[in-house]
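These features come from TrEMBL:
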DOMAIN    4-360  domain 'G-protein coupled receptors family 1 profile'
TRANSMEM  6-30  transmembrane segment
TRANSMEM  42-60  transmembrane segment
TRANSMEM  80-99  transmembrane segment
TRANSMEM  120-137  transmembrane segment
TRANSMEM  173-195  transmembrane segment
TRANSMEM  306-328  transmembrane segment
TRANSMEM  340-363  transmembrane segment
Amino acid sequence: MNLLNLITIIILYTQLVLCYILNAISLTFIIHSKNFSPINLLIINLAISDILYSSCIPFYVRQFNEGAVSQSQLGCRLSFIFDVTSMLVNVFTVAALTLERYFCLREKKMVENDKSKCSIVFVYILLLWAFAIGFSMPKTLSIVEVYSNETESFVCASLFDQSHEEIYTIAKWIIAFALPYTIIIVFSSLLLKFLKEWSDRSKLLHNASKSANLSKTLHQISLKVSKNGDSKDANSDGALLCEHKTEISKINSSSDQESKTRRVFLSFLIMGKENAKKTKRVESLVLKKNIKEPRSTIIKRRTTRFVLAVVISFLCAWSPLWIFQIVVTFTESQTLFLKLMSNLTLIIVYLGGVINPLLYMILTNNFREFFSELLKKFF
């Protein structure tokens, strides 16, 4: 075993452990919160597919062990069906996340934990797993374990002939890459458009509140304070008035006309600064109150950002693998560079199973509180 293979094995097993731990934490949080919304059901499905896909790492690592013992025909078939099934479930779950967010944003009213939507998502998940298993089954049944004289070890091989292998590869490329990637890119672009519209609307609301409503609200506040009198503001105004009277008395006691003029000017400067500070404080409070967004809008925006983060992570993780597979298809020779790129692309793909739960933990509300409470129970 060379150094490159050893480093690859260490990295892959580290990713396997992290994937199990982080996805277990995120699943525990969802189950503990009992918030089985449509998007959380999809997140659960994504976590399960990540765990299942990472479980293929021991089968993949086995090829680095020269002269390894047989893993049997059952092991070959299990590794293949885990790989293809979890890959299809993963990619179509991410596509479903973008669709769910798009249709959710188009709704004027947000209904949390809508039972009809949850039922639709649950049925979709069941059908997705059935389709993924059915698609992988024909080639799975054709896989056997044979002894390779070239490598002097047992390897998994398919009994498909060249024509059947090409048909299956093209179908896999269309179903697992072209179709879901198109859905993800199109609806992610629409989600970005929604976020831009929200940003523009927030700016317009801020400017409108500042120009149209601020003067009226400030006038009402000043009338209320002058009539009823807030204790804190009254004390500050009284202190300011006393300072002004003191300055005026000093001015009257002065015999020098030039000194009197200077003091009048300084007195009004002091009052102007104090009133400006108070006005700015009131302005900020009024603006915050007037432009406060509805809770549903805040939840939608945060959830949309999380879904877009998952989409970006997915595209960065899987795109190099598909590009590499296309390159390998048209390359006959096996070079050290291709071997290095093969290991690197698989490391990047398995990294997605670690990044997804991390994004959920970072971008989900109340997760920090849950995590701190969980730590208190054990420590």
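Heads up, the Cβ atoms here are built off N, Cα and C, so glycines get one too.
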Checklist outcome for this item: Averaging the pLDDT values of the domain 'G-protein coupled receptors family 1 profile' (4-360) gives 76
Checklist entry - Are the transmembrane segment (340-363) and the transmembrane segment (173-195) near each other by the rule of at least 3 C-beta pairs under 8 angstroms (pairs 6 or more apart)? => result no
Checklist outcome for this item: Stretch winning on C-beta pairs under 8 A with the transmembrane segment (80-99) (pool: 6-30, 42-60, 120-137) is 42-60
Next on the checklist: Six or more residues beyond either end and a Cβ under 8 Å away: which residues meet both conditions relative to the transmembrane segment (6-30)?
Outcome noted: 36, 40, 43-44, 47, 50-51, 54-55, 57-58, 60-61, 64, 343, 346-347, 350-351, 353-354, 356-358, 360-361, 364, 367, 370-371, 374
